[in-house]
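Working notes for the structure below.
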Amino acid sequence: MQNNSAKDDSDDVDIIPSEKNGTMHDTKADSGDIHRDEENQKSTIDPNLYLYDDDLATRPHISTFISSIANYENTIPAATDPDAKPAAPSARMGTLIGVFLPCIQNIFGVILFIRLTWVVGTAGAICGFLIVLTCCCVTMLTAISMSAIATNGVVPAGGSYFMISRSLGPEFGGAVGMLFYTGTTLAAAMYIVGAVEIVLTYMAPWASIFGDFTKDADAMYNNFRVYGTLLLIFMGLIVFVGVKFVNKFATVALACVILSIIAVYVGIFDNINGNEKLYMCVLGKRLLKDIPLENCTKDDSFLRDIYCPNNKCEEYYLNNNVTKVKGIKGLSSGVFYDNIFPSFLEKGQFISYGRNSVDIENVGGQSYNQIMADITTSFTLLIGIFFPSVTGIMAGSNRSGDLADAQKSIPIGTICAILTTSTVYLSSVMFFAGTVDNLLLRDKFGQSIGGKLVVANIAWPNQWVILIGSFLSTLGAGLQSLTGAPRLLQAIARDEIIPFLAPFAKSSSRGEPTRALLLTIVICQCGILLGNVDLLAPLLSMFFLMCYGFVNLACAVQTLLRTPNWRPRFKFYHWSLSLLGLTLCISVMIMTSWYFALIAMGMAIIIYKYIEYRGAEKEWGDGIRGMALTAARYSLLRLEEGPPHTKNWRPQILVLSKLNDNLLPKYRKIFSFATQLKAGKGLTICVSVIKGDHTKITNKAVDAKNTLRKYMTDEKVKGFCDVLVAQEIGEGLSSVIQTIGLGGMKPNTVIIGWPYSWRQEGRNSWKTFIQTVRTVAACHMALMVPKGINFYPESNHKIGGNIDIWWIVHDGGLLMLLPFLLKQHRTWRNCKLRIFTVAQIEDNSIQMKKDLKTFLYHLRIEADVEVVEMNNSDISAYTYERTLMMEQRNQMLRALGLNKKENSKVDSQNDEKRNSIDSDGPENLDAPENLSNKDESTEKADDNIKSSVKPDEFNVRRMHTAIKLNEVIVEKSQDAQLVIMNLPGPPREVRAERESNYMEFLEVLTEGLEKVLMVRGGGREVITIYS
């Protein structure tokens, strides 16, 4: 028996006549043995997957692919540093330890202890509540946006910088990263100045080196600068020498914060009726300082000596009495009603009850011992001062690499932490307003009660619990900032988006970012030189607000663009909430301090333009169209710079529509299917090819294009259409696939209809189809072949049921992405996804199913998973019979093709002989002998067919795969609304028999299925688990 692959179709120039014996000789006669040897070498392939053997070399089987990613590390590897030591494996933390508590520690800060009471007293209960609520709303809306971004794949450590840079690009990412770094560094300065303020003002005022700072504000700030610098050097050495100590101290600092807050709450209810510990001396309605209580009377000479120098008394002193007022009055006293309304003051005005100008204005220019406002206060300024108290919400996302389940822990932990801290802040506003006298609340440094911290004197059992706790917690927060900021700067430098930061990418021999730490200390020192928490707080608020604004912007942009990779597991977000958060951030920035806002915005713009700058010219035409053309040109040139990232991949669809004899699209529903895939928001181009001469059928081409456009309009396909006239349909399709598109907007996915009549029309039909498949593969484009397209649903219909994905080999994840995109359309929205994959003999089906579920979880795709175990059964008689029928058909076609070629040869010989007779003489007598060749050839072909009793083993194996897979697919998915499966690769050899067999295999594979979508990837990843 001859090997079937040894003969080829008559259209191929492989069969040549031999001059010596006058017979036909096949130059590929020995290729069958070579081919059989190659097949024997592939005997290790699972018999149930033999149809995909050509793909398995480059497209791994699902079990191999899944096992390779099952134990992935959810951090993107950073740039390698030869000097850095390998990091120890991190422990996997849960929501409480990994997110909630770190956020609590970072949110509760120094402002809570040293400024919240002053904010409440100055703004009043109502405005104070609104200030805190506004700040909490900013962080809550940002946390919702951040949760959406953080659950859109695996977020490596890097917090907001990583999320924004990967969502909005390197320009925005670099700008925000530097803003976040600057804000974190200035936060360290604020914590250090706050810690020094706690020690010098409330714990050890005797340590002042610039005299009595209670009488001179400049002396106080100079003390803060000197001691702050010393503390910065000490803390910098700790960070440089022992990061382990910083991490361990964080636990102590967290415990101090929690215990301090508990002590305050217990103290508020313990002092519900007030206490007799704190009394203030009040002259008229003005608050006095540095007055011993025993001297707080007009009868005492102490006050007279102050207000009556040279026996000439100050007028306000003469007209008002001196009284002692209880500072802590308790919730039962009704003092809350005195603290409802705001008491904003200009700098230099006296702190007093009410808004009477006689009481608050300093007419004489002498302050004596009366407490004055050291800054001009307003609602917006207090927002800026308080806002640092609600920052720190990124602590959870910064630790995403250490979390067991970041997509679950980050949203729950962060939002719960914000709710907890917001509850504490809002309740504290009410409790402070209902417990403490208005004058004492507005005494920023506690000068009226002997330099004591107001919050500390509310707490139970005594003030030292708060003083020590607040100092240690503030110190811990400063250490955390000094530890995190250099690492953030190093991450930005390693991304190489800001060239001048390159030196800071290097680590020390111990793996520490020493250079970045030194720069951080320098910037932090600049903040300390400001010497005032009230100046530092609004400044660093600008940087955090810019950062949070960009997080909201990133979420809004991703949601509105609806990119295929935007599939957050966190569902409680909306673009309107993100835009509201962005608006709040910008509004608070401008309201708080417009000049600080300009500094932050200017810094962001400079960094953005520095990263973006490529020397591109900018052209602005006249009118909107000119602007659109310029924007389109600019965008196309930007897209041309390189292939899109996996996250930005979306199907740019090229629909190849076959026309009938009336130049109408043969399959109308192929346009509906393209529309239903447009959740990817990509480009759609519909093209048809007409056979002929363009110069002769130009009008037909124009009519066909108009018809094509009408069909696209009817099916609501947004895109472009065109018609190509070519001498051969196959060549025309090849030209379209290779040249269609412009720059970065070239199609990457081709949709082509299935040639249903390939058996009847002969080779021309399936030759064009397979040639198109090969061209698409050579161009590295994805391919979709809908079979049963007439049964596909209309775009205005809604269907329910299952979309079944049969994932045999991994070819870039296109099989995962397509059903997700289909479900975004209302036609398929109610369908459920079911993913089936085939386990090989050596596979652990249980582990494979578990790994596949994990993979889908990180892809944010909800689907049922089933692993099908196919037994390695013997090849059935039906398989042999089906293969034999296929081969006999091929032999018959080859015989008919051979006869056709021989007939044409005989006809040409007869013409030559007839011409010879006419010119040279009598008729040639050999003609009858040649005419008998047809009958002999036909008889020989019939004998060959009859003698073929055993099919080729190569074909049997593939037919076995097709039949076995078809049986399983029909059993599981016969009632599915759509079955999506891998399209096996076409045969590598361009042989008629191999190509015909390939078509037969596909028919067998899809038998009994009404709607099938065969998919073949373009050789690149189109879906990712990363954010």
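Yeah, the Cβs are placed from backbone N, Cα and C, and that goes for glycine too.
What TrEMBL records for 1-39, 897-952 is region 'Disordered'. Residues or ranges marked as compositional bias 'Basic and acidic residues' in TrEMBL: 22-39, 899-917, 932-952. The transmembrane segment annotation in TrEMBL covers 93-114, 126-155, 175-203, 224-243, 249-269, 379-397, 409-434, 539-560, 572-589. Annotation comment: TrEMBL describes 98-268, 373-654 as domain 'Amino acid permease/ SLC12A'.
When Cβ-Cβ distances below 8 Å are used as the criterion, the transmembrane segment (93-114) is approached by residues 190-191, 194-195, 197-198, 250, 253-254, 257-258, 260-261, 385-386, 388-393, 395-396, 399, 402-404, 408-410, 412-414, 416-418, 420-421, 424-425, 428, 453, 455-456, 466, 470, 473-474, 476-477, 480, 533, 537 of the same chain, each at least six residues removed from its ends. The stretches the transmembrane segment (409-434) and the transmembrane segment (224-243) are not in mutual contact, being linked by fewer than three Cβ pairs under 8 Å (pairs 6 or more apart in sequence). Of the recorded ranges 126-155, 175-203, 224-243, 249-269, the transmembrane segment (572-589) has the largest number of C-beta contacts under 8 angstroms with 126-155.
Averaged over the domain 'Amino acid permease/ SLC12A' (373-654), the predicted model reaches a pLDDT of 84.
For the transmembrane segment (224-243), the list of distant contacts is 189, 192-193, 195-197, 199-200, 207, 209, 475, 478-479, 482-483, 486, 512, 514, 517, 521, 524-525, 528-529, 531-532: same-chain residues at least six beyond its ends, Cβ to Cβ under 8 Å.
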